[in-house]
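Straight from Swiss-Prot, the features:
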- 12, 13, 111, 167, 298: NAD(+) binding site (BINDING)
- 140, 141, 142, 192, 193: D-glyceraldehyde 3-phosphate binding site (BINDING)
- 141: active site, nucleophile (ACT_SITE)
C-alpha cells in the first residue's frame, strides 16, 4: 500500500518534493495547494497533479481566472496520510493545528522553529530519531549542508567555526536582495550553528553573509580536531559519504556557476544538485585544524531528506534502504 502524500505550497521546494514523490514506488502524490492561479498552478494541472486552494479565502482568485480547483486544503487533508508543508517560513506553525485536527502526519521545512516538530531531521545523521513520529522538521538547506559533511567526521570534531556565504534570493525571486551590497548577519552566532545542534551534538559557531547571487550558498569551514586526521583521511571519508561530492578546480569547477552547469549537464530537473559539493583542493589539515569549502544548492539539497522522512515516519524502511532507494530514484550520484 502506497503512502498518500499531499504538498501544502507548490513553490521552489514544494514542486521539487512533489516531483520526487512521483518517482517513488511506495508513495502516491494526491495533490498540491496554491494561493493563486499562477504559472506553477497551471503547470501542475498540465502534469495531471490535482490542485487545491490553500484556504477558502483564496477560492475567488481561482474562480475569477476560471481555474477549477479540487477543493481546499481541508479537502486535501481528508485524502492524505501525510502533508509536506512547504509554505513560507512561519506559516507551518500556524498550519500545524489544521494537520492535528485532521489527524494527519506532517513534515515541516527549515524556515520553521525546531519546536514545531518532534525531531529535526537529516537522513544520514538521525534517520532513526524520526521513526514513527507524527511531526518532523527537515532542517534548512544550509543546515542540511553542514550536517551532511560534519556528521561524516563527527568522531573527530572538537569545535567547528563556519562562515556562511548565502545567496541573496532564489533565481525566480524578484523581491529580495541585496543586488549591490554584502549584508552581514551581525548577530553572532548566526542561527545555523544552533540549528545544526538540533540534529547532531557538536560544538559549532557560525557567522553569515548574504551576497548578490542566486544560484548557491558557499560555506568556509574550520574544524578543530580532537584526534589526528589527515587530508587523505578526509578525502576518503567524503568520497564514501552519500550525498556529498568532491569537485576539483583543476577540472574547471572554479565557482558555483560551474557546479550548476554540471547539474544542467546531468539533465537534472531544475538543474538540481542534491549533493553537497566540496572543493577537493580546499581540504587541508594544519596541525589540529581541518579546513574545507563547500557549496549548497539551496533549492534542492533538502528534497531527498523529505522523501526519507516520509519513510521514517511510517517505518516502512530502515535508514540505508530508504537512502539508497531515494538516491536511485532521483539520480543522486552516490
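Every residue gets a Cβ built from N, Cα and C, even glycine.
In sequence order, 110, 164, 166, 192, 195, 217, 219, 296, 298 are the residues near residue 142 (D-glyceraldehyde 3-phosphate binding site), counting only same-chain partners six or more apart with C-beta under 8 A. Sequence-distant contacts of residue 111 (NAD(+) binding site), defined by Cβ-Cβ distance under 8 angstroms and a gap of at least six in the same chain, are 88, 89, 90, 92, 140. Taking a C-beta cut-off of under 8 angstroms and a sequence separation of 6 or more, residue 12 (NAD(+) binding site) has the following same-chain neighbours: 170, 172, 299. Long-range Cβ neighbours of residue 141 (D-glyceraldehyde 3-phosphate binding site) (same chain, at least 6 residues apart, Cβ-Cβ under 8 Å): 110, 217, 296, 297, 298, 299, 301, 302. Reported as a whole number, the C-alpha separation between residue 13 (NAD(+) binding site) and residue 193 (D-glyceraldehyde 3-phosphate binding site) equals 22 Å. Here the binding residues for NAD(+) are 12, 13, 111, 167, 298. Their largest Cα to Cα distance works out to 16 Å. Here D-glyceraldehyde 3-phosphate is bound by 140, 141, 142, 192, 193 per the record. The longest Cα to Cα distance in that group is 13 Å. Geometry remark: residue 167 (NAD(+) binding site) versus residue 193 (D-glyceraldehyde 3-phosphate binding site), CA distance 18 Å. Sitting within 8 Å of the Cβ centre of 140, 141, 142, 192, 193, and not among those site residues for D-glyceraldehyde 3-phosphate, are the Cβ atoms of 110, 139, 143, 144, 145, 146, 164, 190, 191, 195, 196, 206.
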